[in-house]
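> To start, I am sharing the structure in question, which I have written as C-alpha cells.
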Amino acid sequence: MGDPGSEIIESVPPAGPEASESTTDENEDDIQFVSEGPLRPVLEYIDLVSSDDEEPSTSYTDENIKRKDHIDYQKDKVALTLARLARHVEVEKQQKEEKNRAFREKIDFQHAHGLQELEFIRGHSDTEAARLCVDQWLKMPGLKTGTINCGTKSSFRRGGHTWVSGKPILCPIMHCNKEFDNGHLLLGHLKRFDHSPCDPTITLHGPFFSSFACVVCYKKFVTQQQYRDHLFDKEATDDGHNNNLLPQIIQCFACPNCFLLFSRKEECSKHMSGKNHFHQSFKLGDNKGIAHPISFPSFAKKLLISLCKDVPFQVKCVACHKTLRSHMELTAHFRVHCRNAGPVAVAEKSITQVAEKFILRGYCPDCNQVFVDETSTQNHKQNSGHKVRVINSVEESVLLYCHSSEGNKDPSSDLHLLLDQSKFSSLKRTMSIKESSSLECIAIPKKKMNLKDKSHEGVACVQKEKSVVKTWFCECNQRFPSEDAVEKHVFSANTMGYKCVVCGKVCDDSGVIRLHMSRIHGGAHLNNFLFWCRTCKKELTRKDTIMAHVTEFHNGHRYFYEMDEVEGETLPSSSTTLDNLTANKPSSAITVIDHSPANSSPRGKWQCRICEDMFDSQEYVKQHCMSLASHKFHRYSCAHCRKPFHKIETLYRHCQDEHDNEIKIKYFCGLCDLIFNVEEAFLSHYEEHHSIDYVFVSEKTETSIKTEDDFPVIETSNQLTCGCRESYICKVNRKEDYSRCLQIMLDKGKLWFRCSLCSATAQNLTDMNTHIHQVHKEKSDEEEQQYVIKCGTCTKAFHDPESAQQHFHRKHCFLQKPSVAHFGSEKSNLYKFTASASHTERKLKQAINYSKSLDMEKGVENDLSYQNIEEEIVELPDLDYLRTMTHIVFVDFDNWSNFFGHLPGHLNQGTFIWGFQGGNTNWKPPLNCKIYNYLNRIGCFFLHPRCSKRKDAADFAICMHAGRLDEQLPKQIPFTILSGDQGFLELENQFKKTQRPAHILNPHHLEGDMMCALLNSISDTTKECDSDDNMGAKNTSIGEEFISTEDVELEEAIRRSLEEM
C-alpha cells in the first residue's frame, strides 16, 4: 500500500471555475473513500481553524480550492426555510384579501337589500312593517341548512348545532291547534298555559297586505288612490257614494264556517278545501252558492280577537275530567294519576259563536243604524220612512257593522266601549231617572239624600244647570268620583280579593295579582286567578257570580249606582227642596271619602287590613299603618339570588357566606312582592299603598235575627299551609275548616281511597262503594271495611278519612310563618318497611295504627301538635311507588343542609329525594323554595325521621336503607349518595358487585350547577350505566378500564344535560 495521503488528495475534486458549480450541488453522500490505511493523525494533513469565518484547507491543495462543510449546508437549509415561509405569508395575504373582499360584498348586498325592504314597506303602517321585518328575519337561513348556531355562549352547548325539524310542531293539548317552528317556542307556549280553543289568530301568519273596500258597492281596491278615483267616478250617481265615505281596510280573510283568520286569501281557500268548510255558518238572504273567504276589516279583526281573549277556557283530563290550571299541575297529574289519558282544552264559546256579533239583517244609510233582526228593521222603516238596505251575505254584514261602528259619533259605539260591554261590572245597578217638564228637576233616591227626618215621602229636586257631572254611590250612601273607586270600595267592604291559582296568594287589587302572575309565575296565563271571599272562604270563578254571592250572603254593600249631579252643588239643601220638605233637613254635603264613614258618624272601629287589628280612632290606625315596625314582612332582597330577608344583617351574612362577600341589596315589599332598587322608591310605595290600607268597620245598631252563636269567632293561632289552623277556639270553625280541607285534599289527590281487594283507587267514597259493590260483590262483607284511605305523599294507609287528614296535618303540613319551636327535636322512632308485607299483615298493622290513632285523639284536644308522643311506628315510602322512579338520591343533611338552595333548576321527573339527619343537626324545610315545594307536593321527597344523636347516625341509616332497597328494587334504578364522608366509597364498590349503578358525590367539591347536571344526567343514562355495570361484573379483570370508560360516559352525559339546560 502506498502513501494514503496522495489517495486522499486525489479523492478531493479539483478546484477551479469549472468545478465551482458542480461542487455547489454535491451532497455529503457523493464523497467516496477508495482505500484505507493505517490510522494516522489527521492533523498531519488538514489545517484546523478555530474560527468559523475561515475556510478549512489542506496542506497540499491550492488556496482557491474550497469545500462545503456542515455550516454551509445549515445556511442553505435556513435560506430554503425563509423562502418557504415567505411564500406561505404571501398565500395568507392573498386569502385574507379575498375574505375581506367577500365580506365587503356581503355588507354591500345586505345594505342594498335593506334599502329595498325599506322601499317596499314604506307604504305600510309601523305595525305591518315590524311584522314584515320579523317574518323576513325568521326566514333567513343560518350558518348551516336546518341548524341553529349556538352563538358565543357555548359553555352549555358544546355539542355544536341543534337540529330543527322543518315540519311545524303541534301543541299536544287537544283542541289547542297551535303550531310552532321549534321546540323552544312550544315549551314557552306550554309554560304560559295559553291553550284557548277560541283563538282565531292561530292561522294568522306572515305580513298583512292591505286593500280598501267600498261599503256601498263592496268593491275592493289595492291602493287608496284607486279608491279615491272610484269615489270620484261614482259621485254623480245617487247611490250613497261621496268623497267623505271612508273605506274599510281589509287586512285578513276569515273562513265562513269556523271564522279562523288568514293573512292571504289563498291560504283561506286552501284551509276551506282541506277541511271541507264550503258551507256557511250564518245564512243571510237567498244566497245558496258556494261559500268564499270573507274579507275581514281591521276593526272587525281587532274586535273579534279581543272578544275571543275574554272567553274563559279550561284544560281538563279526558279520563277523570279534572280541571288542570297550570303546566306543572298538568305534568304531575298525568305522571302520577292518569298515565294513559290526555289533556283537552274546552272553551265556553267557539269562534263562530263570538263572530255572531257581526251578523246583521238590515242597514239604514240615512241614519247609519244597523238592525239585528227583521222586526226592528220593519219598525224603523215604518216609523222613519227611510229605505233600509237588506243584507244578503256575511261579508256585507261585517263591512256594514264596521262602517256603522266607526262612523257613528256616539261614544257608546267606540271599539273600547264595545269591548267594555263584556266587562260590565255585575255589581252596578241602573237607577231610573224621571224628568219633570215643569221644573226640569232630576229625581234623587231618598237613600242618597241621607235625610234624618224619614216621615217625608216626597221626591227632592234640584234645578238643572248646564254643567252636569257623574257620581257613583254605594248602597251605604258613600259617594265616589269614579266607577273604579266605588267598585274597589264594594270589593273591600265585602272582603273580596283575588287569589292566585298557582300558589294561593291573595291580593286586594287586580293590578297587583296580574303583576304577581307576570313576575312570579313567568306570565303563565295572566288570568289564572280566582275571586276570593275572605268572609265566606269561597272561591268564585267568574266576576258575574260576585253579584249573586254578595246579594245572598252579604249585606250593606251589595251594589252601587250612577247618578248625574250638578257640578259645584252639594246634595239637596233646604233652599232646593220642595215645599213638602221642611227646613230642618241637613244642608251639609256628603263628601268623597274612601276611608272614613258618612257624616252620620255611626259607631264602630277602625281596622288595619294588613294585620286586621282594631283601633278606636282614625289617628291610631293611621299611625299604626304608617309605621314600618307595625308589620313583620320581608323588606330586603338579595340581588344575586332574589332571596327575601326580614333584617338587613341577615342579608349581609347571606352575601358573605353565599356570594363571596359581594353585597348587593334590593328593597323588597313582602306585602305585594315588588322589588325596588333604592330605599326611597320602596318607602314611597309603602306610603302610597300600604300606609292607608285601613277601613272603618261600623257596628250594627239595628236588631238582628242572628244570635251570638252566629257571629264568627276570630281564630288567632298560626295557620298551616293547607288552610287549617294549628289550634282552634271555636269547635264550629274547626269543623268547617277540617271538612273543607278534607274535600280539597281528596280533590287534589293528596288523599285517596284504595280498594283492599285490588289496586283500584277513587277520589270519593261514593265511587269506591260503587266499585266494591260491582266488582267485589261476592267477596264483600258488610261488617268489614273493604277500603283504606292512603296518603298521597308517603302512601300510608288509614281506615277513616279523619285519621288520614290528621296524619297529613302532622307530617306534611307546615306553618305559613314557622317558628323555631315548631321544628324541635324528636325522639327516636321505630322504622319498618311495610310495602312488601302480606295482606293479612297489612290489615293487622293498620288495625294497630288505627287503635293508636284513636288513643292519640282522645289525649289531644283541638290541637295538631303531637310532640308528646313517645313512640311512633313510621312507614317508609311504598316500594311499589319507588319502583316507578328512575333515580333514588340519598341526601345526608348533616353535610349538605342547604341542598335545595344550591339547585339552580328542577330535577328530572322520576327523581326521588330521601333525606337523612342525625347528631346535633336540626334540618328545617326551606322557606319559599319552589323546587322543595314541588317535590314535596308530588310525593318525590321523604324526610327520614331523626336518627340518634351520634355523629355518624345518618351515615349508618343511609347504608342500611340503601342496602334494603338494593334487594327489592329493579337493578336499572341508580342510587346516588350525597355525603362528604369517604366511607361511602366502599358502599359504591359493594353496589357494583350487585350490578347496581351507584354514585357517591361530595358536596364540598361540587357547585350547584354541576351537581344538578350530574343528578339529571344519571337519571337520563340509567340504561347505559346499567349495561356498563353488567359488563364490569362479567369482566372483573378489567376494572380500571371500566372505571375510566364510565367516567368518560358520565362526562358525555353531563355535557348533554348542560346542552339541554
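Using N, Cα and C of the backbone, Cβ positions are placed for all residues, glycine too.
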> For the candidates LYS68, LYS234, LYS827, I need the one that Swiss-Prot annotates as SUMO2 cross-link.
LYS827
> To which residue among LYS265, LYS283, LYS858, LYS949 does Swiss-Prot attach the annotation SUMO2 cross-link?
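My reading of Swiss-Prot gives LYS283.
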> Annotation SUMO2 cross-link per Swiss-Prot: which of the candidates LYS275, LYS387, LYS605 has it?
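Out of LYS275, LYS387, LYS605, Swiss-Prot attaches the SUMO2 cross-link annotation to LYS275.
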> Pick from 38-41, 486-489, 810-813, 822-825: which stretch is listed in Swiss-Prot under motif 'PLRP'?
38-41
> Would you mind telling me which one of LYS302, LYS349, LYS446, LYS499 Swiss-Prot calls SUMO2 cross-link?
LYS446
> Could you please provide the mean pLDDT value for the region 'Interaction with SUMO2 2' (42-50)?
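Value for the region 'Interaction with SUMO2 2' (42-50), mean pLDDT as a whole number: 47.
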> Where among the recorded sites LYS167, LYS275, LYS647, LYS664, LYS748 do you find the Cβ with the fewest other Cβ atoms within 10 Å?
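Per-residue Cβ counts within 10 Å for the recorded sites LYS167, LYS275, LYS647, LYS664, LYS748 bottom out at LYS167.
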> Cα distance, LYS275 (SUMO2 cross-link) to LYS167 (SUMO2 cross-link), nearest Å?
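Distance between the two Cα atoms comes out at 20 Å.
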> Given the recorded sites LYS275, LYS647, LYS748, state which is nearest to LYS664 (SUMO2 cross-link) when distance is taken between Cα atoms.
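In terms of Cα distance, LYS664 (SUMO2 cross-link) lies closest to LYS647.
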